[in-house]
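Notes follow the structure.
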């Protein structure tokens, strides 16, 4: 008996379904969560210099105030720590309680904490930063839950022909979130600058920071709640995925009923077949059986996500420092605080528009043609090449007149991150693990990525400091410099290329059950327990 005959009719119907309105609804509902995620995670990098000027400026100093090293590290990294925790917790919970049951929790947490972040008030600068960090941790916790849940829901709703494009489209909303963060910050800083003009710091230190600037960062952070609020109702209206209802909750009747409404077709209820194909699927995440079947793949998805995020987040969170080091953004003392915010956001918006967003959508359009494996290899190779192109002649790029080419090449590192491993590391873990462990394994892979992001955020902050003590920012020790930091990031990308080559399977055009080995379980069950080999080459016993 063939695999398709052994598969539940409801799952066959999903795999073979033509692209319909419910696919686009799912993309928008899940994608707006990622829009919010990216906006909230990356907009903080646009306002950290403003926070330093508002709360840590000494008018007697020749340079504007900046966040002390420990506070800068906390403000930039605390949301990532929360995200890591949320990915593990909600990934596990999504397999225990169901995808839909916990999907609303993450969005509510994001809404509440986005608003609360902007309401961080206290009597001292340190207390304001502590309150901000507290709410940004829990904001990150909610954001973390969106990773495994959105990826798993989209993979389980999609047909196998265009599944990669659908999951990639959800993730691509992250690019629009990054772009929106830049545009909102541009608009806010320009508007406040026009309403409350101020001189450059070197002209009048005290007057260069207007009191109204304190509203700017608060409004920017709170606006992150808006897209989440707009999609909450539709997120709650989505039915549970048929794969969870059938293969994990083992309720064939409910799965058939839900998907009959979604697909608008009659679907047979197959209680006996469900009992047959789910029999014996009780091995756990930490069992020898899981390690034999999926251990190498979990190592591959976790390791490659870790490596790409070391580079991607350090680049994203510290673009402002790189642009300052090559003199594309003027020295802080030559600007007022709102002009500095405007210039930083303009630079990051340009990078997002020209490199980040196009990369995501190249992945959407090509992933089901080229495949995940090749795109991930291409992306790691491109990031390695362009980072070496920036690092080797780095001193040349700091010379007047060369900054435009530097920014152009720098934009290509973002293009190949997003037309590459930043997107595919999100997609693959949602396709290759069993339904009852899919959300958990995606959460583990994503949390590994955030561990890399934390290393990138905290490590780059210190490592990129100049080697010359005379040019080190106040409160920091000499580091290895931006040039050597770029060499380190290029090395991470090269290792990611090798790990992809050895450990990451191709899932293009295959059903989730084929990739996870569940189809082979069904076939083995029908054949009286015979051994089979799954489509990715792992022996099934």
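Note: Cβ is positioned from N, Cα and C throughout, glycine not excepted.
Residues or ranges marked as topological domain 'Cytoplasmic' in Swiss-Prot (evidence: sequence analysis): 1-26 (among others).
Residues annotated as transmembrane segment in Swiss-Prot, with sequence analysis given as evidence: 27-47 (among others). Residues of the same chain lying 6 or more positions beyond the ends of the transmembrane segment (27-47) and with a Cβ under 8 Å from any Cβ of it are 75-76, 79-80, 83, 106-107, 110, 114, 136, 139-140, 143, 146-147, 150, 153-154, 166, 169-178, 180-182, 184-185, 216-217, 220-221, 223-225, 227-228, 230-231, 234-235, 238, 316-320, 341, 344-345, 348.
A mean pLDDT of 90 is what the model gives for the topological domain 'Extracellular' (48-70). The annotation topological domain 'Extracellular' is assigned in Swiss-Prot to 48-70 (among others) on the grounds of sequence analysis.
Among the features that Swiss-Prot reports, transmembrane segment is placed at 71-91 (among others). Within the chain, the transmembrane segment (71-91) has long-range Cβ neighbours (under 8 A, six or more residues past its boundaries) at 40-41, 44-45, 48, 51-52, 102, 105-106, 126, 129, 132-133, 136-149, 313, 317, 439-444, 446-447, 450-451, 453-454, 457-458, 461-462.
Long-range contacts of the topological domain 'Cytoplasmic' (92-100) within the same chain: residues 145, 148-149, 152-153, 156, 238-241, 244-245, 248-249, 436-440, 443, each at least 6 residues beyond the stretch ends and with a Cβ under 8 Å from a Cβ of the stretch. The annotation topological domain 'Cytoplasmic' is assigned in Swiss-Prot to 92-100 (among others) on the grounds of sequence analysis.
The transmembrane segment feature in Swiss-Prot is assigned to 101-121 (among others); the stated evidence is sequence analysis.
Taken from Swiss-Prot, the feature transmembrane segment covers 125-145 (among others).
Residues or ranges marked as topological domain 'Cytoplasmic' in Swiss-Prot (evidence: sequence analysis): 146-163 (among others). Using DSSP to sort the residues of the topological domain 'Cytoplasmic' (146-163) gives these counts of helix, strand and coil: 13 helix, 0 strand, 5 coil.
For the transmembrane segment (164-184), same-chain residues at least 6 beyond its ends with a Cβ under 8 Å from one of its own Cβ atoms are 23, 26-27, 30-40, 42-43, 46, 150-151, 154-155, 157-158, 220, 223, 316, 345-346, 348-349, 352-353, 356-357, 359-361, 363-365, 367-368, 372, 418, 423, 426-427, 430-431, 507-508. Residues annotated as transmembrane segment in Swiss-Prot: 164-184 (among others).
Taken from Swiss-Prot, the feature topological domain 'Extracellular' covers 185-213 (among others), and the record attributes it to sequence analysis. Remote same-chain residues near the topological domain 'Extracellular' (185-213) are listed as 43, 46-47, 50, 53-54, 57, 59-64, 219-220, 332-339, 341-342, 344-346, 349 (criterion: CB distance under 8 Å, separation of at least six residues from the stretch ends).
If you look up Swiss-Prot, you'll see 214-234 (among others) marked as transmembrane segment.
According to Swiss-Prot, the topological domain 'Cytoplasmic' annotation covers 235-297 (among others).
Residues annotated as transmembrane segment in Swiss-Prot: 298-318 (among others). Outside the transmembrane segment (298-318) by six or more residues, the chain places 42, 44-45, 76, 80, 178, 376, 379-380, 383, 387, 410, 413-414, 417, 420-422, 425-426, 428-429, 432-433, 441, 444-446, 448-453, 455-457, 459-461, 464, 485, 489, 492-493, 495-496, 499-500, 502-505 with a CB less than 8 A from a CB of the stretch.
Sequence annotations record features per position, and here Swiss-Prot assigns topological domain 'Extracellular' to 319-349 (among others).
For 350-370 (among others), the entry in Swiss-Prot reads transmembrane segment.
What Swiss-Prot lists as topological domain 'Cytoplasmic' is 371-374 (among others), and the listing cites sequence analysis. In terms of DSSP secondary structure, the topological domain 'Cytoplasmic' (371-374) contains 3 helix, 0 strand, 1 coil.
Counting only same-chain residues 6+ beyond the ends of the transmembrane segment (350-370), those with a CB under 8 A from a CB of the stretch are 161-165, 168-169, 171-172, 174-176, 178-179, 182, 319, 407, 410-420, 422-424, 427, 508-509. Contact between the transmembrane segment (485-505) and the transmembrane segment (375-395) is supported by 3 or more Cβ pairs under 8 Å, counting only residues 6 or more apart in sequence. Highest Cβ contact count with the transmembrane segment (214-234) among the listed stretches 101-121, 125-145, 375-395, 444-464 falls to 101-121 (criterion: pairs under 8 Å). Note on the topological domain 'Cytoplasmic' (371-374): residues 164, 424, 427-428, 500, 504-508 of its chain, located 6 or more positions outside it, place their CB under 8 angstroms from a CB of the stretch. Counting residues per DSSP class in helix, strand and coil order gives 12 helix, 0 strand, 17 coil for the topological domain 'Extracellular' (185-213).
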